[in-house]
Amino acid sequence: MNIDVANLLTGNYILLLFVVLALGLCLGKLRLGSIQLGNSIGVLVVSLLLGQQHFSMNTDALNLGFMLFIFCVGVEAGPNFFSIFFRDGKNYLMLALVMVASALCIALGLGKLFRWDIGLTAGMLAGSMTSTPVLVGAGDTLRQTMADNPQLGQLQDHLSLGYALTYLVGLVSLIFGARYLPKLQHQDLPTSAQQIARERGLDNDTQRKVFLPVIRAYRVGPELVAWADGKNLRELGIYSQTGCYIERIRRNGILATPDGDAVLQVGDEIALVGYPDAHARLDPSFRNGKEVFDRDLLDMRIVTEEIVVKNSNAVSKRLSQVKLTDHGCFLNRVIRSQIEMPIDDNIVLNKGDVLQVSGDARRVKSVADRIGFISIHSQVTDLLAFCAFFIIGLMIGLITFQFTGFSFGIGNAAGLLFAGIMLGFLRANHPTFGYIPQGALNMVKEFGLMVFMAGVGLSAGAGMRHGLGEVGGQMLIAGLIVSLVPVVICFLFGAFVLRMNRALLFGAIMGARTCAPAMDIINDASRSNIPALGYAGTYAIANVLLTLAGTLIIIVWPGVVG
């Protein structure tokens, strides 16, 4: 039996799509030295090669892919988006604005200098910034503003071509910039990170291990009573001295949960809860008492829950003010915008931050009720809210502004982005509304992006060889400039205008570029995870600004809007 693969793929768009995705994802796992190609560039390269062989795909799939992707970007940004505008995130907002605005202006200037059309220029901006949101915003605005223009198809092909030619240039140059730029400035990055760690009481260890608290019980002996010196538990401050707290006391056969006024007596049996290393460091006064193995005394349900910060008594408060340990709970992680933050007593909590907390189930529930809510342990997505806000985003995208002489519409990209932000924001405030498991959100976002990249590559592949010969050299030069010059401008602005700590500044710069591989290099250079504070500060707003930059570059290009 003979199978004509070419005819099979040509006649079956779904099969073609998944063949492109499978081959592209395999290619994306390859590494060039320490740099992994990544799924996006893998799918794009495969689709470009097949596009050269005149394979094509239904554009509806491409449109659906970009819509799903940009909507999910908004949902992820929503919980922390508005706090950036209203509080101490102004520096991060300004850095993200400087990064995006400078890249946009430089791209426009180079496009005019090399006499490119808007497709090549916008594609070059998206690739140099390694930003799919720019590509999505530009592509959608092109379709909205030039629907009746016979050049639309060519401009869309050029958009894909510009992105494909400059993506690797942007990624590699930024990684090298992240490696060497910190060495060119006079402040040592590890020293800057240690300075922040000292000032804020951060854990500067990038390999911090997280253990579940354990329970051990002891019979109180004379040494421990002498050590307590008649003070009650509140006055002793057991946790601050030992890292453990007394959860239960058995006295004269009666088991009770002690309050702060309790005073230890010889013969008491106490249940201590703490991390293993805290138990190991206990004062000999505790260990000199005989360890007790009592089922009732040790029968506690230690749980670990993710608590979403929501309530006013925690939002805009420092972590130290929440006083988790006073409520018998242990903090394992602080997560913001899916980025793990250093444990910092002075970090200001934002609405939507996630605190991973361990402790007795009752105590954890009490803390969750006080500061927010426990994240839902469910794999069920609120599809009704997802679909409703998706429809709202499409409706917003239909809005058109009419001015004398020209008009322009908001477009699907901006509309869906805004609707996604609102869904994410509402989800952070209402625990039972709009729940989307993070795994499901990641899957939809990644799948939408891959479908979009496959469609982009297949449509642009036919003209790639001709375009590469005409503008290939210019694209490489322009890609380097747009990738690196805004980074330098952002560094100068942050260092000498905002006077930011260098570790935070370089983290914020990588967040403004939304580049996780470069962020890893900055963490290694600082021998700390302190830069994650800066990365989280700019990442969410940068994704939104980059999408708007893709829209704006089309609108301001002469002759497009009219």
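Placed from the backbone N, Cα and C atoms, the Cβ positions cover glycine too.
Listed in Swiss-Prot:
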type: DOMAIN; residues: 202-288; note: domain 'RCK C-terminal 1'
type: DOMAIN; residues: 290-373; note: domain 'RCK C-terminal 2'
type: TRANSMEM; residues: 8-28; note: transmembrane segment
type: TRANSMEM; residues: 32-52; note: transmembrane segment
type: TRANSMEM; residues: 66-86; note: transmembrane segment
type: TRANSMEM; residues: 94-114; note: transmembrane segment
type: TRANSMEM; residues: 118-138; note: transmembrane segment
type: TRANSMEM; residues: 158-178; note: transmembrane segment
type: TRANSMEM; residues: 383-403; note: transmembrane segment
type: TRANSMEM; residues: 406-426; note: transmembrane segment
type: TRANSMEM; residues: 443-463; note: transmembrane segment
type: TRANSMEM; residues: 477-497; note: transmembrane segment
type: TRANSMEM; residues: 541-561; note: transmembrane segment
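Taking residue pairs at least 6 apart in sequence, the transmembrane segment (443-463) and the transmembrane segment (158-178) share three or more C-beta contacts under 8 angstroms. The predicted model assigns the domain 'RCK C-terminal 1' (202-288) a mean pLDDT of 77. Looking at which of 8-28, 406-426, 477-497, 541-561 has the most CB pairs under 8 Å to the transmembrane segment (443-463), the answer is the stretch 8-28. At the 8 Å Cβ cutoff, the transmembrane segment (541-561) and the transmembrane segment (383-403) share fewer than 3 close pairs (sequence separation 6 or more) and do not count as touching.
Within its own chain, the transmembrane segment (8-28) is flanked in space by residues 36-47, 50, 55, 57-58, 61, 450-451, 453-454, 457-458, which lie at least six positions past its ends and keep a Cβ under 8 Å from the stretch.
The stretch from 32-52, 383-403, 406-426, 477-497 with the most CB pairs below 8 A to the transmembrane segment (118-138) is 477-497. For the domain 'RCK C-terminal 2' (290-373), DSSP puts the residue distribution at 22 helix, 33 strand, 29 coil. The DSSP breakdown of the domain 'RCK C-terminal 1' (202-288), given as helix, strand and coil counts, is 25 helix, 24 strand, 38 coil.
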